[in-house]
């Protein structure tokens, strides 16, 4: 066999990802855009239901309270997504509920002053107000870092080498939200996983009216089929004598969302009463805000690639973080039980559908706001069993992780220095949070366990996050280990032109503010 020529095996680095049907500022037809927007809405429901379903019962809330929190979270999610796509980074990203806030919120739930309240509903209201107060105060961190452009200054220390592990772990770090949840009901989770892969990859050449219908709407079609199958199993009595946990995860009528949801309900600020403020709670919540900042930074970089855009300039990234801070403030004012960050699964769906259109995400935000006000209809879609969402997460989180690894193409991976930094950041980014999770599960408290509860919550929150650990390690090593002579190996010559708005002519096309607002906020 004839040996391959070097030019036949080389794959030159590409600023923009190739192969997408629609990039950030090109749009499918209105009908297709609406269908794709609805698909993003359905995907966003998974996290919007998972987080309140876990937290609200711990807070003492009833099924009615859980439904109201889900509706409020979706309503604010729609507003935040519109703000981010219009005035923030302008990338096609859904800004939704985040798991980064779990540690400080659970700590607030177990506060002795709240636990001693006997009436469950009163305890729920007081806990929610305490969470709101902490979130309102902590949101100022992102608002200040973003709008003051301090985060833009910090981001100048990030190279493609340093960001690759961070973006990769934005996806890989959520591994416990994937197959472990599928395993709660394998009879619907695994068929969903198989169908989603089959439609999106193996049958993608199937076209209807020149549209690759199975690839473009793989999530929607496979979810509909498996949801109907799950309903058939539920109606036939297949789970009648199964354990309670199996019934909760597999049945389509166990979430009590539809029966508890009002027909029409418009969420409004301070719905749960006036927020209460506690210094310790607020300090602990600032750690979650910092974690969501880091995770969203990685997700924005990944989304830019899957939208076939150039990496967002430093000031655009910082502007997006500022608006995300406004979003967390809205989370606190409305009472959503968690804060905001970029929805990783929706970033992955951009690559799965090969549609990175901003308009599609804005339409999905419209669906979130609309169905959050029409309670029964929104609850109907939110009653999809969680293992179905988890099966889709297995694919989409992995896709985002691989986008992070693709940033290594701009670096010299024949350098032992680069191999060391990448490997150590990836390994410790997975290993350290896993240690914190295992320790907490056994000891019922994190490894950091001093008399200062706020200090414990702060450190435990940071080290529970894989992207945060990866950023700390990768940025430190990348900026201290032979950094003077390694600029080219780190990918800095390629990265440098995207740091400033005027560094590349394509930035104006992708990131200019609408309504000619750049006149008042000139880019740097």
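Cβ coordinates come from backbone N, Cα and C, glycine included.
From a predicted model like this one, the values you see are computed outputs, not experimental measurements.
Feature list (source: TrEMBL):
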TRANSMEM  38-58  transmembrane segment
TRANSMEM  130-150  transmembrane segment
TRANSMEM  181-199  transmembrane segment
TRANSMEM  211-230  transmembrane segment
TRANSMEM  279-300  transmembrane segment
TRANSMEM  360-381  transmembrane segment
TRANSMEM  388-410  transmembrane segment
TRANSMEM  457-477  transmembrane segment
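For the transmembrane segment (211-230), same-chain residues at least 6 beyond its ends with a Cβ under 8 Å from one of its own Cβ atoms are 32, 35-36, 38-39, 42-43, 188, 191-192, 195-196, 199-201, 203-205, 250-252, 349, 352-355, 384-385, 388, 392. Most Cβ pairs under 8 Å to the transmembrane segment (181-199), among the stretches 38-58, 130-150, 360-381, 388-410, 457-477, belong to 388-410. Residues 65-66, 69-70, 73-74, 77, 94, 96-97, 99, 102, 105-106, 109, 124, 177, 217, 219-220, 223, 255, 257, 337-338, 343, 345-346, 349, 353, 360-361, 363-364, 367-368, 371, 381-382, 384, 386, 389-390, 392-393, 396 of the same chain lie 6+ residues outside the transmembrane segment (38-58) yet bring a C-beta within less than 8 angstroms of a C-beta in it. Distant neighbours of the transmembrane segment (360-381): 27-28, 33-34, 36-42, 44-45, 67, 70-72, 74-75, 77-79, 81-82, 85-86, 92-94, 257-258, 260-267, 346; these residues of the same chain sit at least 6 beyond its ends, with a Cβ under 8 Å from one of its Cβ atoms.
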